[in-house]
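Copied over from TrEMBL:
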type: TRANSMEM; residues: B:37-54; note: transmembrane segment
type: TRANSMEM; residues: B:61-78; note: transmembrane segment
type: TRANSMEM; residues: B:98-117; note: transmembrane segment
type: TRANSMEM; residues: B:124-145; note: transmembrane segment
type: TRANSMEM; residues: B:170-197; note: transmembrane segment
type: TRANSMEM; residues: B:217-237; note: transmembrane segment
type: TRANSMEM; residues: B:257-281; note: transmembrane segment
type: TRANSMEM; residues: B:293-316; note: transmembrane segment
Amino acid sequence: MTEILRIENLQKRFGGLVATDNVTLDVHTGEIHALIGPNGAGKSTLINQLCGELRQDAGVIHLAGRDISHMPAPERVDLGLGRTFQVTSLLEDFTVVENVGLAVQARDGGNFRIFDRVSGRSSIWEEAGHLLAGSLLDDRRDARVADLSHGEKKQLELVMALATQPRLLLLDEPMAGLGHLESQQMIDTLNGLRGEISMLLVEHDMEAVFALADRISVLVYGQIIMTGTADEVRNDPRVREAYLGTEDA
Amino acid sequence: MRKLILPVLLIAIFALMPLIAELVGKNALMTLSARILMYAMAAASLNLILGYGGMVSFGHAAYFGVGAYVVGILYSHWMSEVPVFGLFPGSNQLLVTLPIAMIVSGLAALLIGALSLRTGGVQFIMITLAFAQMIFFLFVSLTAYGGEDGIIIRRANEVPGLNMRDKTTVYYVILVVAVLYFAWMWRVVNSSFGQVLKGIRQNERRMEAMGVATYRYKLYAFVLAGTGAGLAGALMANFLRFTSPDMMHWTKSGEMIIMVILGGLGTFFGPILGAAAFLILEFYLADWTEHWQLALGLILLVVVLFTKGGIMGVIARLKGGRE
């Protein structure tokens, strides 16, 4: 089985705090790999190192066999690394279709052109329309993002990440703040992408994790304490301890 | 077609201004109108980075001044017949001096932008101001080109077939250049690049996550803005037949920012209306009291506090648009 992502001995310190402690992890091609752990375990720090916003102190990151450890964030995107943000991070003044259109345009290139008309680049708008037609935002395409509900923004996060045609998608808590129905819709959407796109899913919602993940890694105090299937994780005493605390605590 | 009302109206007003000035017997009106056109160009170029790109550059007058000095220096070398840097001859041809002014001010913007854009926020404001002040003092100390006194340009640059000694002709040349410049600006803000720039203003982090190396795009915008200010400055040197370090003083950079905010940040017509409002207020308030800046400050305060988006914001709400 080939690996789309391989992380070896990744380390990151903030002063005395070891946020990422010798993390070694891989994501198989086509797999949904969940990363869980209590608050403050270093999940977001890890995601930010993977996408290039934070620079690791030591260790290596391979994407589809290429060393991307020292690559700036935009170049990693070109190689097929997509991400969604935990706190939605969108273009609030633009409409939904303008957001998706810009994501397509960013991938498509030709963005130093000053004499064309962006509204005339029909391939962009066709693709944006196509992406939206396959989402729950189809009837909201002309709404301003600032006017969207939280759940709609979460969906848009995902559509924009897909617009860059990633091979590996880093999902930073896509269910955070969603109601039960919205979570279910998000789970269905992600399930629909299974096999097409490999995913590293950071999530607190255990129902979603168990519904989606092929494998689960557990991060505690910056360390991966185990990787396994849903059942293995559920029955592991170390995981229980990390989440529930020891008996005498 | 409704979109064309404002531009056609503006062009008509500016085109008729020399006639109006003559009718009411107030030549100063034509001068005022010309200044509005040139400052509108400078403010529009600043608006590209400040309004569309979200970069608060506090040194935009530097490029304006550099453009003016290119005209002044080329003129003085043309007069003295001494080659510039011993390399190439001076010129008094507008069709030569304007492009050179744009190139030189664009190069200045490239240099300053390449360094400044590595910072952000307040640091960016301060570093652009610092660079502009460096250029200001450079020209103050350039005694070969008049130092603090600047360069007097005896005659406006020539254009084949036109009598550039006639003030009205110069006015119409300025108008034509301004119309061409704004047509070009319209294309830029609606281009692929313009869309990316608007995205960077809204959320730079998101743009990086979509694979856009934002630094390059911001630098490109910075250079385009520099060439625009240089063009406006080159026209100003021709219009005033004079150039001095005062044109690049930091207070001029501040005035350009005020014009952009007054007119409406990130709106196409905002800088034109902002420049017009600023210069007309200055014109009449200065007539009325020497403390005109106090009154202007109060008006600016009211605009910032109550209009939400300057003059263009008010117009949008009067038309009953969204928000």
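Heads up, the Cβ atoms here are built off N, Cα and C, so glycines get one too.
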The transmembrane segment (B:217-237) touching the transmembrane segment (B:61-78) per 3+ Cβ pairs under 8 Å rule: yes
Leading contact stretch, B:124-145, B:217-237, B:293-316 vs the transmembrane segment (B:98-117) - CB distance under 8 Å: B:217-237
Selected stretch (most C-beta pairs under 8 A with the transmembrane segment (B:170-197)) from B:37-54, B:124-145, B:217-237, B:257-281, B:293-316: B:37-54
The transmembrane segment (B:293-316) versus listed stretches B:37-54, B:124-145, B:217-237, B:257-281: most Cβ pairs under 8 Å: B:257-281
Cβ-Cβ under 8 Å with the transmembrane segment (B:37-54): same-chain residues at least 6 beyond its ends: 14, 60, 63-64, 174-175, 177-178, 181-182, 185, 188-189, 194, 197-198, 200-202, 218, 221-222, 224-229, 231-233, 235-236, 239, 255-257, 259-260, 263-267, 270-272, 274-276, 278-279
Remote residues contacting the transmembrane segment (B:257-281) - C-beta distance under 8 A, at least 6 residues beyond either end: 6-7, 10, 32, 35-36, 39-40, 42-44, 46-47, 50-52, 56, 58, 60, 182, 185-186, 189, 198, 201, 292, 295-296, 299-300, 303-304, 309-313
Long-range neighbours of the transmembrane segment (B:124-145), counting only residues six or more past its ends (CB under 8 A): 55-62, 65-66, 69, 72-73, 76, 108, 112, 115-117, 151, 245, 248-250, 253
